[in-house]
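As written in TrEMBL, here are the features:
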{"type": "BINDING", "residues": "Cys461, Cys464, Cys501, Cys504", "note": "Zn(2+) 1 binding site"}
{"type": "BINDING", "residues": "Cys470, Cys473, Cys488, Cys491", "note": "Zn(2+) 2 binding site"}
{"type": "DOMAIN", "residues": "234-400", "note": "domain 'Helicase ATP-binding'"}
{"type": "REGION", "residues": "1-24", "note": "region 'Disordered'"}
Amino acid sequence: MRENSARSGAKSGSGDSAQALLPGTVPVDADPRVRVLLPLPLREAYDYRVPAGMTLVPGDYVEVPLGPRRVLGVVWGDGAGVVAAARLKPVVRRFDVPPMPEVERKFVEWVAAYTMTPPGHVLRMAISVPSALEPAKATLAYLRKPDAEPPPGFKMTDPRRRVLALLDDGPPRTPAELAEEAGCGVTVVRGLAEAGLLEPVLLQPTKLGRPDCHRPGPTLSADQEAAAADLRARVESGVYSTVLLDGVTGSGKTEVYYEAIAAALKAGRQALVLLPEIALSAQWLERFARRFGAPPAEWHSELTGAQRRDTWRAVANGEVPVVVGARSALFLPYKNLGVIIIDEEHDSAYKQEEGSIYHARDMAVARAHIGGIPTVLVSATPSLETKVNADSNRYARIELPGRHGGAVLPDVELVDLRKDRPPARHWLAPSLKKAIEQTLAEKEQVMLFLNRRGYAPLTLCRACGHRLQCPNCTAWLVEHRLARKLQCHHCGLSQPLSPTCPECGEEGTLAACGPGVERIAEEVAELFPDARAAIMASDTLFGPRAIQEMVRRIADHELDILIGTQVMAKGHHFPMLTLVGVVDADLGLAGGDLRAGERTYQLLHQVAGRAGRGERPGRVMLQTYMPEHPVMQALAAGDRDGFYQLEAEMRLEAGMPPFGRLAALIVSGEDAAAVEKLSIALGRAAPRSDTVAVLGPAPAPLALLRGRHRRRLLLKAPRTVQVQPLIAQWLEQVDIPPNVRVQVDVDPYSFL
Ligand code: ADP
Ligand code: ZN
């Protein structure tokens, strides 16, 4: 990673005079100075002068000059005193918010060091809402004025039209939000307002609920009570620990960790709950509100600018007792965090793959350690990492046996597609079809699971054999018949469906290969014309409200058959759902990724857990071509620990995580030759020893992504080796040209 050199401010920490000073001391004759970390990809903090009359403490949010700009920063400590006083620029102002707590500053540094990203880059996640630093006030926003006509001579340009169209559909928004969403300047919005086409309204600060920790929860079973007591004691003790809360879906894990939240609130501290896909978790939010009498504060990408600002500030002021959020919620400025809960800790959504590459579960454990608080990892199918940590007593373990209220786990059957064959161009085996008929006759609900959006994953020309491929990525274009489009699921490219082959020009020769959920829906409509069916996938449901509405329709039995991707596998509770059919259980096993088996097991187990959550027993049918595969065998036998045992033995033998360490370098750029050249240089400079091996460079499976060529190198080392210093030395040996990027991925989860 390249670093910008300072254009203003002055670099500290190097030079001779620094040696003469004790850390943290300031020459007596100099102006007071502070080190300020800026949210930019810089390796170090810069010194600034503290102007007369201003007092600064570490953690204070400040505005400082950087070249011609003014930027936000955080006071990181005393100045290093290297740069001559005359060259120092003064701090412009200090923001009137509580300083960033020391725990959080340490956390920023820890994450930066572990993930090998510049601290400023990590800091940017921690000050993601600069407007939150200004005092909360009612904000000016606009609505569309009904029936207002543009004044004579007012030209309706495209950007103006886009802003008006946005306001036709949706809540009032600030000029900045409108400009961003419409992709235009704020002046466009102002122009519309001056022309009388917009109605100004004042948005009041977001109302954040006050969950009441004294409301009683349900009466817990003896096992649940023991688990809750353990968690309460950990929260009250206020020391670091990590505990795995392990129990099948429906065993009451959520009920139990609510008790940990209540304990934190009673101790006057804040609680953070991470969910893998908070935007999909309407049922979770409703349930929380029922338990505590008020909703938690949410933190995820669907919030409006005003909600983000008000939430950030309230978290900093300690006014928000409970935050539920996506992984970025780890970087909020908690005044007094008392517990972190990571629900579905095994979920791969916790790995952030862009920008700063980090795993939120692992960072949460680090955050808990730095803050001296407990963290609870919750799962019915823990990650192998967590399982091994619990087995070796690095983490504590609490087990909840059995489903609450005696609901039984569903029966899992394997449907052998080699024998029980669907008819040509159909994907539901005769036995699954029969089970659906029976379920519908009982007036119960069916869920068909296929983790593939769209109609067909591949389109092929029957005349010339051409396969429709994305021009920017190593990927097939996926047909979305409902939207009448071909789409790339990697770069978002979208083009209209055409009847002619782009290669040979023949008409009517393009054939869809393989199924996506849309194609299964077609088959369902053909086989069960009277059943009420719907698709549930991230591209057929726009936003949390649409998902919430879909979940309600299922829960109220307005639908008989639900066809969905993993969007519907998460957390929902549907009492009348008694049959789950997995259309292609083998799907996740292709590709030979390190965690393919583990992930497939976890996903299918979670999908299976949707069946029979009410009083009626559930049935799960997995369609597979590999019924003898250990994943399928373990699912059918309900032998989770047997599967983990086997998986662990394989990883141990191969020296793979969690028994060994991996780190990946991803070299990418638009210039294929430059990428190749740097990859080769990195390959030559690679650290190699008796214990450390470097594989590659090899073209990444996604060798072309969004128009960038990509090569990968993979470093493999024993658990005892710290890989960061090795990688730092490695990178120092090559010159990275400006048109090539090298990303470091410590503990990679994606090998694409
Ligand atoms: P998990 O998180 O392990 O999937 P939940 O906490 O969601 O389990 O519990 C499953 C269902 O059983 C929920 O509807 C929950 O409200 C209910 N439940 C669990 N424990 C109790 C209890 N002690 N009393 C009443 N209902 C309970
Ligand atoms: Zn693409």
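Just so you know, glycine gets a Cβ as well, placed from its N, Cα and C.
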Sparsest-packed among the binding-site residues, when each Cβ's other Cβ atoms within 10 Å are tallied, from Cys491, Cys501: Cys491
Zn(2+) 2 site, defined by Cys470, Cys473, Cys488, Cys491: further same-chain residues with Cβ within 8 Å of the Cβ centre: Pro471, Asn472, Ala475, Leu477, His489, His490, Gly492, Leu493, Leu705, Arg706
Cβ within 8 Å of the mean position of the Cβ atoms of Cys461, Cys464, Cys501, Cys504: remaining residues of the chain near Zn(2+) 1: Arg462, Ala463, Gly465, His466, Pro502, Glu503, Gly505, Glu506, Thr509, Leu510
Contacting binding-site residues, sequence order - Cys461, Cys464, Cys470, Cys504 vs ligand 2, Cβ under 6 Å: Cys470
Neighbour count (Cβ, 10 Å) for Cys504 (Zn(2+) 1 binding site): 13
Cβ-based isolation winner (fewest other Cβ atoms within 10 Å) among the binding-site residues Cys461, Cys470: Cys461
Which binding-site residues sit within 10 Å of Cys491 (Zn(2+) 2 binding site) - Cα, from Cys461, Cys464, Cys501, Cys504: none
Protein Cβ atoms within 10 Å of Cys464 (Zn(2+) 1 binding site), excluding its own: 12
Other CB atoms, at most 10 A from the CB of Cys473 (Zn(2+) 2 binding site): 22
Integer Cα-Cα distance in angstrom, Cys473 (Zn(2+) 2 binding site) to Cys504 (Zn(2+) 1 binding site): 22
Mean of the pLDDT scores, which run from 0 to 100, over the domain 'Helicase ATP-binding' (234-400): 94
Chain-internal residues near Cys488 (Zn(2+) 2 binding site), provided their CB is under 8 angstroms and they sit 6+ positions away: Cys470, Asn472, Cys473, Ala475, Leu477, Val478, Ser494
DSSP three-state assignment for Cys473 (Zn(2+) 2 binding site): coil
